[in-house]
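Engineer: One structure, pasted below without further comment.
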Amino acid sequence: MEIKRLPIEQPVNKLKMKATAKEQMEQSESSHDEEDEGPTRAKRGKPEVVHNGLLRPVKLSRGDLYKPPTADELNQLKEAESLFHCSLLKMQMEELLKEVSLSERRKQLIDSFVQSVTEQLQTVPQTSDMELSDLSWLSGGVKVPFVLVPKAAKGKFHMAPPISVTIIGSYPLGTCTKPGISVDLAVAIPADVLHPKDALNQRYPRKRAIYLAGLAQHLAASPAIGAMRYSCLHGNRLRPILLLSPPGKDSSSFILRLHACPPPGFFKPSRFHPQRNNIRTDWYTVTSEPPTPHYNSSVLGDMLPRAHLQFLTTVSSQCAAFAEGVALLKVWLRQRELDQGVGCFSGFLGSMLLAYLLSCHRVSNTMTAYQLLRNSLHFLAFNDLTENGITLAKGPDSTAPSLAEFHTAFQVVFVDPSGHLNMCADMTACTYKQVQHEASLSLQFWDDPTVDGFHALLMTPKPMIRTSDHVFQLCELVKLQCCCKKLNLLSELMDHSGNYVLTALPFILSLLQRGLGQRVRLLTHSLTPDPEWPVESDAPKHNAQPPLSFGLLLNPEQTASVLERGPPADSPKAEEFRQLWGSRSELRRFQDGDITEAVVWEGETTCQKRLVPRQLITHLLLSLLLSHADIPESCVRYIGGMLDDVIKVGREVCSTGEEESLKVVQSYDDLSRKLWTLEGLPLSITSVQGAHPALRYTQVFPPVPLKLDYSFFDREKYAICVFSTMNPSRLPSPVVVICHMEGSGKWPHDRVAIRHIKAAFHISLGELLTQHHHYTCQPSPTHLDVWKDGLVFRIQVAYHREPQVLRESVSPEGLLIVRDNAEAQALEMATMQRPLLTSTLHGLQQLHPCFGAVCRLAKRWLGAQLFSDDITEDTADLLVASLFLQPAPFTPPGSPQVGFLRFLHLLSSFDWRNNPLVVNLNSQLTAADYTEIKNDFIASRESLPVMFMATPSDKKVSIWTSRGLSLCAQMLQRVVMVAAESLKILEPQLMDTSQIQDVVMRPPLDPYDVLIHLSPKQVPLLSQAVDPPHATFSRGILAGRVANTGGALPVIDFNPVTHYLAELRDAFGDLALFFYDPYGGTVIAVLWKPKAFTPLPFKVKTGSQGTCLSFPLYLLINFFAILEDFRVMGQGLVKSVEPRTDRWVV
């Protein structure tokens, strides 16, 4: 008989070194790009990776090791010392710049393709004049990339070859970076195709779009051109562009973007003054002729790209690090999703910003790329362009608008060198405030020596769902068209050429800012992505845009307030307040005697109060904006508490455990005070400390005070406890309390005698608590159970020298030996480390109200994925604490949802093998401590746990992940992989209205070999499952009653599944691993260990579990006999045992 393990697909190793900059910034780079670069020399001191993934230094010869540094090396060392926290940051910057720069082979490919396209464009055939509305000459299914509304447009058009084809943008400037390489080509439309009055009534944008369609028709027949698509420059529908890809295997290497532009000097810039009108009312059905600043800016943008390139070329030639500084700024913007879409802070704006700083001498021409980036971020952080715009024009003509005139037309002002164009015309004030916030945050983290600023600020993506505390979406945007009419925004609608989304957006943002007030620190919105469509399709209409998303960065001090207090009733602002809130506003008298307008929102529990912004936003949008369009409430989709269901406690009142935890803490505080005041003990109490997750608000399902109905219980004679004959799902779990007694010479120096003394203290404490406070107490040798307020407190007496006594032993020669052991470590953790951690995390909860909820979500996910035995509760709490103490590049989480997403990101992206996770509790660690921890970690990596966590009281050992933990490298790899997949699935699901979010709470059971299905009726905590039963029974519990203190003690912490699991591990732990969800799971997953398939030499004591082969005798495991043992051991609890024999064969 042959036993073998079937080969299975191995999961991706997530524990290798962190991905290099190339892996993160370039996904589409061809594998052969570097082949033509030639061999590279090995750099001195460059680290290499050995087979186990650990970083090892390269061995140097004696001559290289003691070779004196050159003058250039000395200058670099001095620069690194003065500019960077360490030389590593300088090297990281240099490597990043190398990876995002274009290779020589890529440049040659681009130049060749540009030359080929230019030659093709020179052969465009010329056609005769025809009406602008006559498109019959277009053949081959090519469409015009423009929404022709209104359809009527005067003018003539004919096709002709361009008068010039010029490379513009970042490529000739040397600032083009990977990924997403785009090369811009300006195609000048012949002057005889245009008319000087084409700026009126969208005639120029239409001719521009038709000219692009003619170019697409001509290029479609060329074999030198690959795929062709249309798009819009930064989402501006008035500025369509033609996207060309090279043919063959290089089709994804880069994109060539064709811009149709008027010939130089064709239009007068003064024609496009922000206060001038270029769309006539009789053509667009508007009663007046308002200015059209956004339309004017679109036309101006086509007139000035060559001048902008010339200006930037002149500036960059004076600064050697200009291109590298722009590249770093582009990477920074890309990671924050600020460089794409309508109104974005594009790479072009970044180049212009750096040019402005150089021209104003705010930065020096000799600065490095790192200095240019820092100074750019400093300028953005401390200069508000929404109030004080800036200009690059040094001597504009008299017709150029002033900055004040620009501010009256646009929210953000940054004027180009001509003095006529506002380069931030489409940017909203909220977008610029987001840029300011991100720049300020980046500077804060970069100046912190304890933060890895490079990876946090340049290598970590920040999508909205992971950055904002709450997100909400506005769906069915087509309804906004009616809102524009009702809100009298037709002039703005004409200026935006019918784009009702961009027209209504400023009004929506203003309305939200007025309503949210101090509840939010930052309001952001999504930037509509640039649309792309085939040249054979019509241009997408405005209703084809994705839902508009808004992000809220909450102010924790204000956001949960249910009261919106307004001005006094006799104040002039009272009427404005009533108009804003409508029927929700009412007069109220307060305790200070004031009578003011006020709005009161619904919310009893912390869970409900966290979602007060949802009520507020829904009221504002539905009552004041969408009510004009008859839009249902479902069009406003709020993504703030969509994961709360898995940690809700109770069904009558929605709660995520904060109120229940508070009751436990209050009862504990009362018990602690009473313990301090007890008299009659032989020794006084020196400290009373909690050592339970509920006392730090992090227990997934905290104990609920119970009022027992003793008619449902049986009680044995002379017994102090009662046991239930009904469903035991509501039996209480004990809250552990550590009670330290004072030191005295009367304490014995023998471990057994100390235990006897502690047992005597348990008896004395129980008698005194019963005598003075009438508590029901049950003493035992190891603890004292106290029944108080419907809760069970388990008091454990501790003696501070007991761990030291456990470490001491006497040799046969009479010598005293002090040796650490597992028993002393466990006792020290239970009586000293865990109480200290509980009090510290309790303080963190007071600073960040959502800390406990994030911990509960994280531990609920670990339990649902069957990882609770690998990552303990204390470890999970510390992981979450690191998100609040070292949140870079984010702010501390302001909601459980965003905290949970960052928890998954931390698990999946942190380099556990090569870096320690430092949790700086109470900010006790300094930069020197961080360096010491890192050095000790590298020196002792082989002997340290696979997941290393350092705290102020534990810098070298990582006690929270090294003891009582079965986490090995393979299991950590599994945790990392599942966390990455969960994050990959969950984030899109939260933003998608049609998907279910709790799928990440359902474990994949395919990798397991055996599934033990439990009878749901015998699982005590079934109500805590991800899919709880529709009906639960709690007989023996009086609902809605005040919890009692006296009476008989109920059965404590009864869970047959836990005992069954312990027996399985005790009996078969050497052959298999057992996984279980402790929160109501009904499946125990079994994974055979590799050694279970290895024949062993025959021994008499193992003969009952195996089958003998031939001589010499070997033993093979009888798996089916073990499966039968699973059934027998769990009789009454086990429903069925399902062997997955497709994964292993006997």
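Glycine residues also receive a Cβ, built from the backbone N, Cα and C atoms like all the rest.
Curation does not apply to TrEMBL; its annotations are automatic.
Worth saying up front: this structure is predicted, and the values here are computed from it rather than measured.
TrEMBL lists these features:
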- 1-51: region 'Disordered' (REGION)
- 20-31: compositional bias 'Basic and acidic residues' (COMPBIAS)
- 183-317: domain 'Nrap protein' (DOMAIN)
- 321-460: domain 'Nrap protein' (DOMAIN)
- 467-621: domain 'Nrap protein' (DOMAIN)
- 644-846: domain 'Nrap protein' (DOMAIN)
- 848-996: domain 'Nrap protein' (DOMAIN)
- 1005-1137: domain 'Nrap protein' (DOMAIN)
Engineer: For the domain 'Nrap protein' (321-460), which stretch among 467-621, 644-846, 848-996 has the most Cβ pairs under 8 A?
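Structural biologist: Answer, by Cβ pair count: 467-621.
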Engineer: If you run through the domain 'Nrap protein' (321-460) with DSSP, how many residues end up as helix, strand and coil?
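Structural biologist: Looking at the domain 'Nrap protein' (321-460) with DSSP, the answer is 72 helix, 5 strand, 63 coil.
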Engineer: So what pLDDT does the domain 'Nrap protein' (183-317) average out to?
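Structural biologist: PLDDT averaged over the stretch: 89.
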Engineer: Is it possible to list how many residues within the domain 'Nrap protein' (848-996) are helical, extended or coil according to DSSP?
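Structural biologist: The composition, in the requested order, is 87 helix, 6 strand, 56 coil.
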Engineer: Kindly report the helix/strand/coil residue split of the domain 'Nrap protein' (183-317) according to DSSP, in that order.
Structural biologist: 57 helix, 23 strand, 55 coil
